[in-house]
């Protein structure tokens with residue numbers, strides 16, 4: 001049901017988001033004439049070598065646009081919920097906010113909460129949908145506008161847009177595409193949602209998969225895995241936490257690689273060949289050609305440059321060091 005006697009142009013929006021993913025949607029709202037009455041974002045966090053407090057990307061955009069910014073540590077207290085209600089929101093639009101929204105918060109806006117989620121729900125509910133889609137070898141993912149419910153990404157879905165995952169797709173590139181697509185989808189669908197003309201469809205819980213949060217230890221490469229799986233790992237963990245392997249007791253980070261349909265003919269982890277195209281490593285099935293790597297204390301370089309400065313052929317890359 002839409003807001004009585006209110007069209008989308010007079011909709012009172014509270015926007016909640018924190019990182020880069022949430023920036024395009026906020027910018028799209030501002031540019032389309034739907035600037036939020038308030039922007040909620042996580043408190044400033046220490047960052048950099050000096051560990052100085054640094055505002056998040058959403059806060060920077062909001063302040064540049066002259067929008068009120070609110071940064072509660074939590075929305076669980078009655079005081080925080082009363083402060084949110086004081087903005088008299090018609091709708092709460094959420095994108096990667098990072099704080100739990102209790103049922104009482106979702107009940108405050110007349111139209112409830114609307115979440116921009118970076119997957120084709122019900123696949124990849126949870127914290128790391130982009131990484132998990134690439135790791136799983138999905139050929140398609142997307143972004144959905146979901147009516148928020150108390151469960152984890154379980155609410156009914158207003159609309160989705162699909163995006164192809166190519167053999168070159170990384171989490172970084174896919175993140176940026178989905179953020180833009182989500183922003184466009186939001187502005188496109190908001191009038192119908194405000195007018196009560198959008199009927200969100202319930203998700204099929206039987207088809208749901210869970211995108212659990214990434215752990216840093218998942219970045220270690222297991223050379224007994226097939227080359228295609230290791231390639232997905234490299235792409236899924238670029239730009240963070242970056243796939244890594246052990247070499248002579250050091251950690252080598254792998255930013256780019258390509259699987260080759262060639263027989264390994266060596267124990268997994270063995271460096272088979274080096275050349276201008278990269279460093280070829282035997283895997284459990286096939287060869288993985290490393291193309292961009294980073295040694296400790298250095299900048300990322302072409303793997304061919306690494307090979308020129310070391311006699312790598314026949315050496316072994318390992319798991320955790």
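Using the three backbone atoms N, Cα and C, a Cβ is placed for every residue, glycine included.
Heads up, TrEMBL stuff is auto-annotated, nobody curated it.
Noted in TrEMBL for the protein shown:
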| type | residues | note |
| --- | --- | --- |
| BINDING | 119, 120, 121, 122 | (6S)-5,6,7,8-tetrahydrofolate binding site |
| DOMAIN | 12-189 | domain 'Formyl transferase N-terminal' |
| DOMAIN | 213-309 | domain 'Formyl transferase C-terminal' |
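The Cβ centroid of 119, 120, 121, 122 marks the (6S)-5,6,7,8-tetrahydrofolate site; residues of that chain outside this set whose Cβ lies within 8 Å of it are 117, 123, 124, 125, 129, 142, 144, 153, 157, 160, 203, 208, given in sequence order.
All protein chains included, residue 119 ((6S)-5,6,7,8-tetrahydrofolate binding site) registers 24 other Cβ atoms within 10 Å of its own Cβ.
Sequence-distant neighbours of residue 120 ((6S)-5,6,7,8-tetrahydrofolate binding site): residues of the same chain at least 6 apart with a C-beta under 8 Å from its C-beta are 140, 141, 142, 144, 160, 162.
For the domain 'Formyl transferase C-terminal' (213-309), the DSSP-based tally of helix, strand and coil residues reads 20 helix, 40 strand, 37 coil. Cβ environment of residue 122 ((6S)-5,6,7,8-tetrahydrofolate binding site): 153, 154, 203, 204, 205, 207, 208, 209 lie under 8 Å away, each six or more residues apart in the same chain. The Cβ of residue 121 ((6S)-5,6,7,8-tetrahydrofolate binding site) lies under 8 Å from the Cβ of 144, 146, 153, 157, 160, 203, each on the same chain and at least six residues away in sequence. Mean model confidence for the domain 'Formyl transferase N-terminal' (12-189) is a pLDDT of 97.
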